[in-house]
């Protein structure tokens, strides 16, 4: 037991206030880091503020690895590096480290060292409520910043509801997929077969209100370097699904006019969403790996691009006996086109770009 009137504070978190202190926050941090204390320091945060009269003062949060019993009220004194002036702080044990941290960083002129230590009292007490923390997380602007706030101020939810939090914040802070910018205009494609052009005009040549409820898709087969991919992608805003299907909201948008399905094996598509995509079906779900089901708005056609040959050709795949019923369905929902020549004039910009962009077609 300390003697009556003696100084003694035992705490893991210390809140220091230097009421008149001209030392920079960087110098203060250096001196506090170099204090010789039997308990390891884990985190230090310092804020420099100005009084109404312009005089500076410092607020400091120091966190230790375990409880530290401070019996020397001069321990945290700071010394001016240019003269012998000492700056003595008011010393308190901080019951809620999060509340103190929030107070220290409120004006923004701060510096910190180490990793902030979360404790149960921070989540329960002080002025911080669940609603306050949720509002702060929502206003943080990014998923990463929101998760940091929740981890610090609602650690129980962070630990036991992490998966749900992560999924929810993905949706809340979701950014629309970047719009693909075509490297050259649609007019570069001067050798488009009539049937392909009729299909494009029948859909893109109409307003959204005049388009059918479930528009017809198109399957285009042809050798590599014919211009299939570039033509398909220059028609308008679209989702580009290459090699596999990915409906993650970060890459797939419900606000486009069509899908481009490029180099996706027919065997794979049959196991996934053949009818939903080629049939322009509306309001269906797809399961994302490690995530919750994604709701697909649908109602848009697909342009399927493939090479000839076993494993690639959709026509050859559908001609197999075991796919007879799927073939009958597909013939009612898609147009088949086989191209034998480039869709552009040789030597045009499209020809050059195709060599870089379309290695497999």
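Cβ from N, Cα, C; glycine included.
Copied over from Swiss-Prot, here are the features:
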DOMAIN    8-116  domain 'CRESS-DNA virus Rep endonuclease'
MOTIF     15-18  motif 'RCR-1'
BINDING   49, 57, 59, 107  divalent metal cation binding site
MOTIF     103-106  motif 'RCR-3'
REGION    143-153  region 'Binding to RBR1'
REGION    156-176  region 'Oligomerization'
BINDING   222, 223, 224, 225, 226, 227, 228, 229  ATP binding site
Of the residues in the region 'Binding to RBR1' (143-153), how many are helix, strand and coil by DSSP? 11 helix, 0 strand, 0 coil
Find the shortest Cα-Cα separation between residue 107 (divalent metal cation binding site) and the binding-site residues 222, 226, 227, 228, 229, and name the residue that gives it. 229
What's the number of neighbouring CB atoms sitting within 10 A of the CB on residue 227 (ATP binding site)? 26
For the region 'Oligomerization' (156-176), what's the model's average pLDDT? 87
What is the separation, in Å, between the Cα atoms of residue 224 (ATP binding site) and residue 57 (divalent metal cation binding site)? 71
Specify the secondary structure state of residue 228 (ATP binding site) as given by DSSP, simplified to three classes. helix
When DSSP is mapped onto helix/strand/coil, what comes out for residue 223 (ATP binding site)? coil
Residues with Cβ closer than 8 Å to the Cβ of residue 59 (divalent metal cation binding site), same chain and 6+ apart in sequence? 15, 16, 17, 18, 46, 47, 49, 103, 104
Can you give me the Cα-Cα distance between residue 228 (ATP binding site) and residue 57 (divalent metal cation binding site) in Å, rounded to a whole number? 68
C-alpha spacing of residue 57 (divalent metal cation binding site) relative to residue 222 (ATP binding site), in angstrom: 74
Fewest-neighbour residue among binding-site residues, criterion Cβ within 10 Å, set 224, 229: 224
Helix, strand, coil residue numbers for the domain 'CRESS-DNA virus Rep endonuclease' (8-116) per DSSP? 17 helix, 48 strand, 44 coil
Given residue 57 (divalent metal cation binding site) and residue 226 (ATP binding site), what distance in Å do their CA atoms have, once rounded to a whole number? 71
